[in-house]
Amino acid sequence: MSTGSNSLIWFRKGLRIHDNPALEHAAKGSDFLYPVFVIDPHYMEPDVTAFSHGSKRAGLNRIRFLLESLVDLDLSLKRLGSRLVVLKGEPSQVLIRCLKEWNISKLCFEYDTDPYYQALDNQVKSNASAAGIEIFSPVSHTLFNPADIIQKNGGRPPLSYQSFIKLAGEPSWASSPVSNALSWLPPVGNCSTTEVPSMEELGYDDSAEVERTPFVGGESEALRRLREYLSNKEWVANFEKPKGDPSAFLSPATTVLSPYLKFGCLSSRYFYQCIQDIQRTVKKHTSPPVSLLGQLLWRDFFYTVAFGTPNFDRMKDNKICKQIPWKNDDELLAAWRDGRTGFPWIDAIMVQLHKWGWMHHLARHCVACFLTRGDLFVHWEKGRDVFERLLIDSDWAINNGNWLWLSCSSFFYQYNRIYSPISFGKKYDPNGNYIRYFLPVLKDMPKEYIYEPWTAPLSIQVKAKCIIGEDYPKPVVSHDSASKECKQILYEAYELNKKLNGIVSEEDLESLKRKVEDHKNLESKSKRLKQTRTG
C-alpha cells in the first residue's frame, strides 16, 4: 500500500493522452497515480458458440483493435514516467477493491452515457462516495453534455438533427484550445500488475483469420491519420457526406477515424478544433449536416437521443420507434450475415465487414436497407446485433440510431426510397472490382453479369468457373417483388401506428401480419387464375 495522496484514473474509452481532463485531474497534486484498465469478461471472454471468432459481444477485429490501443496507451504512459495497470474481472468489483487496497483519495474517469457503463459507474461512485473519495467524471467523449441539451429542450431529447444543432450552438470549451500539454505523470504506486495481454493470452486463436483489418488501433495511429487527412485542406473544406465511393476499399473515400473516436484514441473535441482551424483559412467550405464538422455533430446528436430515450436499443417500449411486424427469419438473417444472399454487391459488403470490421457508410446503408425494409423484412435489431459484434467502430448510440434510421423505424420515414442491391453499386464500380476482390468466386464473371450473375447464360457461367446455385448462391428473393411487398407492409404498419397513436400491442402486430399474409395469398391465387385462363 502506498502512502501520500493516491489517485486512480479508470480507462474504458478515452484511450489517449491528449485532451484527457480525467487524466490531468488525476495527476494534479498526486504523489502516486494508478492508470487502470480492467479486462471485462462481459466483452472479452471467448465465446465458441458465437457465429464468428471472438467473445459474446465482439469479433476478433474489435478485440485486437482494443488491445493495440491499450499497448499504444501503455507506451505513451511510460514516456511520461507511468504505465498502464491491467487488471481482469467484473469492473465495479475490481475497482472497489483497488480503491481500498491502494488507499485512493481521488477517483477519475471519463463520463460514459452507455447504459452498461451508467450502471457500473453508479455502483463504483456509490462505494467511493461512502468512503469519502473525491470523484471526477468529466464529459469529454462527446462535444456536448447530452444531459445539458436535453435540459435545454424541456427534458426531452431533440429528435431531428436541425433542432439539435439549434439547441447545441457552439461548445462552451471551443473558444480556447483543448489541453495537449501533459509532459509528466506521477509514478505508479506499489501494485501487482500484468502487461496488456495478447490475443492468445485471452484465449483467442489469432491465426484463425486469413485477412485482417488494415486499421491499427491506438492514439498514435489516430493522430497520424488525422494529420494525413488534415494536410489536404481542400479535401477537408469540400468534404460532403453522403457523397463518396462505397466501392473504394484499398484507399477508402472517408477518414476511417470512426473506430478511433469510438475508443477515444482520438478526441472529438480536438478533431472539431482542427477542422475549425482549417475552415478559417479557406475561402469556402461545406456546412453541416454534410461537412466533416457536421459528421461530428451527427455523432453527438445520436448520443443525445440515445441518452434521453428509454429502450433506445429496441422496438418494444421505445417511444420514438415505429412498431412494425418484422420477420424473425433465421435462414434469411444467416444468408445476409454470412454473405450468401446471391446479390454480389450485398454479399461483398458483408464479407468486407467480416474481414475488415469496417465498410463505407453508403455500403452500410445498402446492406441495412436490404435486410430490413428493402428486401428481406428481417427485424432491424437482428442486423444491429451483427454490426455491434463485427464493426471495429461499433458504438452503442450510433449503431442503434443508424439502424432505427435505415429501417425507417425512426428519424427517417421515406420507406419508398430503397437502395437497389443491383444498380446502386454498379454506378460507382461498373467493372465490379470491389465484388471481385471480396468474392473471388466471381472474379472471372464478365462485367455485364457481375451484379446479376444469375442472368448469365450457362456457357458464360462455365467459362467464369462459377455455376450459380452451386459455386455461388441463387438470389434469396426477387428484388422487384420483395421490395414491393416490403413497401406495402410498411404502408400498413405506418397507418396502424397513426391510427393507434403509436400505442401498438403485439396482438395488433400479429393481426397486421395475418392481414398482409391473407392479402398476399389472395394476390397469388388471382395470379394463378389469370395464368390458367390465358393458358
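Glycine is treated like the rest: Cβ placed from N, Cα and C.
Per TrEMBL, these features apply:
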type	residues	note
BINDING	254-258, 295-302, 393-395	FAD binding site
DOMAIN	5-143	domain 'Photolyase/cryptochrome alpha/beta'
SITE	TRP326	site 'Electron transfer via tryptophanyl radical'
SITE	TRP380	site 'Electron transfer via tryptophanyl radical'
SITE	TRP403	site 'Electron transfer via tryptophanyl radical'
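The recorded positions listed here are ASP300, TRP380; among them, TRP380 has the most other Cβ atoms within 10 Å of its own Cβ. Here the domain 'Photolyase/cryptochrome alpha/beta' (5-143) is broken down by DSSP into helix, strand and coil counts: 58 helix, 28 strand, 53 coil. In terms of Cα spacing, the recorded positions THR254, SER394, TRP403 that come within 10 Å of TRP380 (site 'Electron transfer via tryptophanyl radical') are TRP403.
Distance from the CA of TRP326 (site 'Electron transfer via tryptophanyl radical') to the CA of SER258 (FAD binding site) is 30 Å. Here PHE302 (FAD binding site) is positioned 11 angstrom away from TRP403 (site 'Electron transfer via tryptophanyl radical'), judged by their C-alpha atoms. Fewest other C-beta atoms within 10 angstroms, among the recorded positions TRP298, PHE302, TRP403, are seen around TRP298. Between the C-alpha atoms of SER394 (FAD binding site) and TRP326 (site 'Electron transfer via tryptophanyl radical'), the distance comes to 23 Å.
Taking the C-alpha atom of TRP326 (site 'Electron transfer via tryptophanyl radical') as reference, the shortest distance to any of the binding-site residues LEU296, TRP298, ASP300, PHE302 belongs to PHE302. If you draw a 10 Å sphere around the CB of SER394 (FAD binding site), it holds 20 other CB atoms from the protein chains shown. Sequence-distant neighbours of THR254 (FAD binding site): residues of the same chain at least 6 apart with a C-beta under 8 Å from its C-beta are LYS241, GLY244, HIS360, HIS361.
The binding-site residues considered are VAL256, LEU296; of these, VAL256 has the fewest other C-beta atoms within 10 angstroms of its C-beta.
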